[in-house]
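Participant: Submitted below is the structure of interest, expressed as structure tokens.
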Ligand SMILES: NC(=O)C1=CN([C@@H]2O[C@H](COP(=O)(O)OP(=O)(O)OC[C@H]3O[C@@H](n4cnc5c(N)ncnc54)[C@H](O)[C@@H]3O)[C@@H](O)[C@H]2O)C=CC1
Ligand SMILES: CC(=O)C(=O)O
Ligand SMILES: [Mg+2]
């Protein structure tokens, strides 16, 4: 057990000092005063000044606090202080019972400031923490070891998730240190697949708010609700209306687990500061009968209103968000297909926004496809792709791949002809007889000579594809006969060509087939990527066992870098080129070991490295498209020094938890 001598000297380094991100001059404003505080507990400006002068939180800028109070029209102060950016903000938790004790408890109860057992002796004395935490001082490794031990003793994914969630609510640095250093083990807990189970039960599991919950019933106060967010000036927001959560359907407000999880990955994978991440669920009711019947359900107990009314609400949200947080990039997540396409078209010209399911998924699959084609032995021009699923993800991916082909010089028509999309009614054709959703029309085939192909087997027999992509949210649709037919159609000439098989639906229970099935049914030749992670699979042979490694084809490899790139380049819009570039950057981010292993994505442990490369290239694309609002001199300087200068800029601005 580590021990240390207690010293009475105070440290010059203050925990509240900004660390890795450049200071901002913005201040919290517009908050209401808390008149319920008894007068004995109130602090006047002068007492604040006295506290600040007397105690070691000496970096607090009194002028800025006074300015914040003036703007908020406050005559009493309830715990304003500065965060790491130098921004003034309000403590939600502060009840000043006595100055000396309050300071220590504040440090421990504020998750962004709590350093657990890492507080140095100097900090413990300076912050009046002595006696409030055990004597031992531990580095981050030791504290992570304890947390990992606790996680591993828990039996279910949800129990592990709940432990992690509590940790995040208590000690943000420790949570992110743990997540970053143990990405392979822990990412499936805060993200897919476990987050799917969490969303299904969110209303029962709920213990504390972690997002903004904006209901259509309170649509006139969206701005007020946005301003009520705990931290000032968020830079990235992930918003859903819960209408298509992973492959689990309409979960209503329970879908909020997705924005929370995605933003945890923004921090872990791209170093967006946790204070700058804003998860939002727009509650418009739900079509989910089980939720509507659940007495514990936390959302509006009503069916969704008309599409037009939901759109009006979305219009109001987008306007309010841009007004309250003009710098914030908005990521649309898990909106049901029609809305997903509509909102992207509607807002992308006027706001800084992108759709992760359409554009992020398009980019991540393109990134993996580039590597997969190289491994397959089938030249890219000869590839023929069948997509099972023609929703926001299926169409988004197919369109991104069409762009890839056209950038390689193919005509748009020839590129489009490489794709056969299948949905619940069979091959999507112009003359199928049903009213095709708008987003499917682009890929509707006209070369079917009036014949309608109803099953995937029929489509494979007809198309003879080289690649099969699943985005159906339906487990088991890649049957043994389907996968064997794919293999046969790729390897018809016995040239050792390999099939590309991407069952991409989430969570794991919705994957179109498993990794083990894919390996077995293709005799180990498959090039495989799934949306949620599968384990490696070892086949025992008469000689020595052969282990096959799956890839995870999930938009987590691009959305954090797209968001970070858009933020750091101060982009006024998220352009198609920024999205496209993210795919190319991802494809180029594998290291030699990964290439040698036959992977098509970097190992998930390296997602942070990949995100930084993606962010850098997205920034450059923003500049090329004329949407970066960084000063021209800055870009000229980077041009002289090249990528290392830009990398340095990015690295200096990202969050790296220190304990
Ligand atoms: N790996 C990744 O990064 C991503 C994975 N996804 C996953 O993709 C899935 C689909 O998402 P969306 O396109 O947004 O959903 P969606 O509901 O818009 O589309 C689903 C499509 O699949 C079709 N479909 C459903 N069952 C089918 C069946 N048995 N046979 C043939 N077609 C069938 C539907 O007709 C529809 O065209 C979800 O599970 C989602 O989690 C989505 C985004 C990213
Ligand atoms: C990964 C993701 O965005 C989805 O499954 O919806
Ligand atoms: Mg999604």
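Every residue gets a Cβ built from N, Cα and C, even glycine.
From a predicted model like this one, the values you see are computed outputs, not experimental measurements.
According to TrEMBL, the record shows the following:
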- 1-52: region 'Disordered' (REGION)
- 168-348: domain 'Malic enzyme N-terminal' (DOMAIN)
- 244, 506, 554: (S)-malate binding site (BINDING)
- 262: active site, proton acceptor (ACT_SITE)
- 333, 334, 357: divalent metal cation binding site (BINDING)
- 358-623: domain 'Malic enzyme NAD-binding' (DOMAIN)
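I'd like these features described in context: how deep, what's nearby, how far apart.
Facilitator: As a whole-number mean, the pLDDT of the domain 'Malic enzyme N-terminal' (168-348) in this prediction is 98.
Every protein chain considered, the tally of other Cβ atoms within 10 Å of the Cβ of residue 506 ((S)-malate binding site) stands at 24. The DSSP secondary structure for residue 506 ((S)-malate binding site) is coil.
According to its DSSP assignment, residue 262 (active site, proton acceptor) is helical.
In the three-state DSSP reading, residue 333 (divalent metal cation binding site) counts as coil. Listed in sequence order, 238, 239, 240, 258, 259, 262, 355, 356, 357 are the same-chain residues at least 6 apart in sequence whose CB falls under 8 Å from the CB of residue 333 (divalent metal cation binding site).
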Participant: Among the binding-site residues 244, 506, 554, which ones place their C-alpha within 10 angstroms of the C-alpha of residue 334 (divalent metal cation binding site)?
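Facilitator: Those near residue 334 (divalent metal cation binding site) - Cα within 10 Å - are 244, in sequence order.
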Participant: Among the recorded positions 244, 262, 554, name every one whose Cβ is found under 6 angstroms from ligand 3, counting any of its atoms.
Facilitator: none
Participant: Around residue 357 (divalent metal cation binding site), how many other C-beta atoms are within 10 angstroms of its C-beta?
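Facilitator: A count of 27.
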Participant: Can you check which residue among the recorded positions 244, 262 has the largest number of Cβ atoms within 10 Å of its own?
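Facilitator: Result for the most crowded candidate: 262.
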Participant: For the binding-site residues 334, 357, 506, which sit with their CB under 6 angstroms from an atom of ligand 1?
Facilitator: 357, 506
Participant: Can you check which residues sit near residue 554 ((S)-malate binding site), meaning Cβ under 8 Å from its Cβ, same chain, 6 or more apart in sequence, and list them in order?
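Facilitator: 192, 364, 504, 506, 531, 532 - these are the non-local Cβ neighbours of residue 554 ((S)-malate binding site), listed in sequence order.
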Participant: Sort residue 357 (divalent metal cation binding site) into helix, strand or coil using the DSSP assignment.
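Facilitator: DSSP call for residue 357 (divalent metal cation binding site): helix.
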Participant: State, in Å as a whole number, the widest CA to CA span among the (S)-malate-binding residues 244, 506, 554 given in the record.
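Facilitator: The widest Cα-Cα gap among those binding residues is 17 Å.
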Participant: Give the sequence-ordered set of same-chain residues, not counting 333, 334, 357, with Cβ within 8 Å of the centre of the Cβ atoms defining the divalent metal cation site.
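Facilitator: Result: 240, 244, 245, 258, 332, 335, 340, 355, 356, 392.
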